[in-house]
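Novice: As listed in TrEMBL for this protein:
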type    : residues                               : note
DOMAIN  : 24-307                                 : domain 'Gcp-like'
BINDING : 111, 115, 300                          : Fe cation binding site
BINDING : 134, 135, 136, 137, 138, 167, 180, 272 : substrate binding site
Ligand code: KG4
Ligand code: ZN
């Protein structure tokens, strides 16, 4: 069984082919970062137009790299939400049209379920139940995962997502979009302790997050201080420390609350090296097994969508009707178990 996965929820066009016996056969990603960096953030209309240009060549490339013909594909999985409506519409239209003409099922996939399951693409995948920390450009959530489609949201951001905060601070520091990984790079040159920022909402038992106050605090420090390279590195370092500590404290609280012994970190921000290192340390100290994906499976990709498509092929409804329905807003808790 081979599934073609299509991801177009935001500004990455991702196409991959997953085989249930042999694993991942190809995984192609085209990032639109350069296009949007000119504007300092994603321009939705440009994103959908760029997906239109790139999606078919990427599908052809994924087939070529996997050495497969279209008639060797058994189903197509596509991201149906959450995400930008125009971008989602490109993936669903191409996915469902190809599936119709190739006479195979089309499977709608939830983007965040893709992120949760991306850790299953690695050599030592987690077993259920586990706690998932989902940290991306649009989401910051702590989820109790007891099975496929069995998700309880324990806490989430009440304002900015953590990736969004990274990108906004990076922009203020003069780094180009998407700034998360660039900020992390210059943070390595920062002198520890030169700046100290708050760890928001870490005082009580509440498992929600808030990053907008921290963002304002860091923005004020950028405005008030000498704008030389070293100062910017010092601020980036202190910001990253504050975010990582906050995520760590929240995860530890959620692990204590649930009694879970496994933690999966997923989504673009889980590529952050400081976060991974500190999470692994915490895991060693408290006997918690930490799971994360290789960097290319942390950020948006078609592999995680193809994988979830394989998991859901027998349980997903409306596989071969011709409707085009995307869900720009879609909670994980609305998914059905399999
Ligand atoms: O999961 P993702 O690719 O897209 C969404 O679903 O939103 O996450 C993208 C986010 C961006 O905000 C990006 O700046 C952030 O992940 N990111 C990072 C790193 N790599 C990507 N943030 C911090 N450190 C990184 N190394
Ligand atoms: Zn994502």
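One is the number of the first residue shown, and numbering goes on along the chain from there.
Quick reminder: no glycine exception, Cβ is built from N, Cα and C everywhere.
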Novice: Run through the Cβ atoms and count how many others sit within 10 Å of the one on residue 134 (substrate binding site).
Specialist: 26
Novice: Which whole-number value in Å describes the distance between the Cα atoms of residue 137 (substrate binding site) and residue 111 (Fe cation binding site)?
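Specialist: Cα to Cα, residue 137 (substrate binding site) and residue 111 (Fe cation binding site) are separated by 12 Å.
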Novice: Could you tell me which of these binding-site residues, 137, 138, 180, has the greatest number of Cβ atoms within 10 Å of its own Cβ?
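Specialist: In terms of Cβ crowding, the pick is 180.
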Novice: Would you mind reading off the Cα separation of residue 300 (Fe cation binding site) from residue 138 (substrate binding site), to the nearest angstrom?
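Specialist: That separation, Cα to Cα, works out to 12 Å.
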Novice: In angstrom units, rounded to an integer, how far apart are the Cα atoms of residue 111 (Fe cation binding site) and residue 180 (substrate binding site)?
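Specialist: Each residue's Cα considered, residue 111 (Fe cation binding site) and residue 180 (substrate binding site) end up 20 Å apart.
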Novice: For the recorded Fe cation site, enumerate neighbouring residues of the same chain (Cβ within 8 Å of the Cβ centroid of 111, 115, 300, site residues themselves excluded), in sequence order.
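Specialist: Close Cβ neighbours, site residues excluded: 7, 9, 79, 112, 114, 118, 136, 267, 301, 304, 305.
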Novice: Filter the binding-site residues 134, 136, 180, 300 down to those with CB closer than 6 A to an atom of ligand 2; keep them in sequence order.
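Specialist: If the test is a Cβ under 6 Å from any atom of ligand 2, the answer is 136, 300.
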